[in-house]
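Features of the protein shown, as given by TrEMBL:
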BINDING   Arg44, Gly45, Ala46, Arg87, Gln194, Asn245, Lys246  substrate binding site
SITE      Cys155  site 'Transition state stabilizer'
ACT_SITE  Asp235  active site, proton donor
Amino acid sequence: MRPLEYCNGVLKLVDQTKLPLEKKIVELSTYEEIADAIKKMTVRGAPAIGVTAVYGVVVAANSINTSSKDEFFEELKKACDLIKSTRPTAVNLFWAVDRVYNKAVSNKDKSIEQIREIIEAEARLMEKEDIESNRAIGKYGNELIKQNYTILTHCNAGALATCDYGTALGVIRAAHEAGKNISVFADETRPYLQGSRLTVWELMEDNIPVTLICDNMAGHFMKEGVIDCVIVGADRIALNGDTANKIGTYSLSVLAKENNIPFYVAAPISTIDFSIESGEQIPIEERNSEEVTHIKGIRIAPEGIKVRNPAFDVTPNKYITAIITDKGIIYPPYKENIIKLKEA
Ligand code: MRU
């Protein structure tokens, strides 16, 4: 299940705003369209945003019509800046665009045509690496999943949020593939409903047992002893392990602690922002009020109501039992162990 595919100058995206009722593919051939698709959440999820963004850079590089290298890099930088301005929280976006841009800059001595090829090769490599990372996360995470576990997840950290397989859902898929009799509780994830629209759909497609609950039911099921562990994805992890993820993740982590339930974050190393010490430095995206006041275009709240709509929250490291990465499982003390893993 791949949410994106680049071929002959066109980026095809599964339109995630339409799932599960409609499987629509949109075809984008300018970097402005690609930036817009990230902003509008046609594609979403930190790793998927990152790889979509680099294909945006590929398309931009191909469209810059000049024989002057200075002008080429000036235009390329402009495109990168526009793409990076779309969503502020997921660090993968910045990491991915900077990686491909720096790769181009380090090959400045080559011809413009060669630089274009290098950019595309790097984008394809990043797509492949993302899938490998998710498989590795699955392999490590599977060690934490016991027979007959019921796992609670939030938002969608699945194949749709990555290039394939998923992070949190990668762990779930790996446990299922290993023959463990597991089942999943999926939070619907208001306001954008990534849980009910995407996670549930993905798991049903793979015949993994899943039960849909409203976000405010999670505490009840934890207290009733139904949930054995929580696994969520991440949009940005600070050096001290504080983790930004979909709004509602923080509340789940507190509930998990209160009920003695392990709380795991599953994410590739590219989601760690080594430049920030703590979650306080993570910018939180605030999205438009219609996501809260409307469902599928239908108003559910009174006209004129004041709304807040932060798309993410930060879970303090003290609530996180472990971070499952593509390089291994990180336990507290996070800062020390994150640095060790980076250097390994
Ligand atoms: O607003 P979204 O749908 O892009 O938010 C997605 C999440 O919060 C995911 O949990 C996170 O990006 C990890 S995806 C593997």
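Every residue gets a Cβ built from N, Cα and C, even glycine.
Positions of TrEMBL features highlighted on the structure.
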residue: Arg44; record: substrate binding site; Cβ neighbours (10 Å): 25
residue: Gly45; record: substrate binding site; Cβ neighbours (10 Å): 29
residue: Ala46; record: substrate binding site; Cβ neighbours (10 Å): 28
residue: Arg87; record: substrate binding site; Cβ neighbours (10 Å): 21
residue: Cys155; record: site 'Transition state stabilizer'; Cβ neighbours (10 Å): 29
residue: Gln194; record: substrate binding site; Cβ neighbours (10 Å): 27
residue: Asp235; record: active site, proton donor; Cβ neighbours (10 Å): 32
residue: Asn245; record: substrate binding site; Cβ neighbours (10 Å): 29
residue: Lys246; record: substrate binding site; Cβ neighbours (10 Å): 26
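Apart from Arg44, Gly45, Ala46, Arg87, Gln194, Asn245, Lys246, the residues listed for substrate, the same chain places the Cβ atoms of Ile49, Ala90, Cys155, Asn156, Ala157, Ala161, Gly233, Asp235, Ala311, Phe312 within 8 Å of the centroid of those Cβ atoms. Arg44 (substrate binding site) sits 11 Å from Asp235 (active site, proton donor), taking the CA atoms of both as reference points. The recorded positions listed here (Gly45, Ala46, Arg87, Cys155, Gln194) include Gly45, Ala46 as those with a Cα within 10 A of the Cα of Asp235 (active site, proton donor). Following the DSSP three-state reduction, the secondary structure of Asn245 (substrate binding site) is strand. Ala46 (substrate binding site) falls within a helix when secondary structure is assigned with DSSP.
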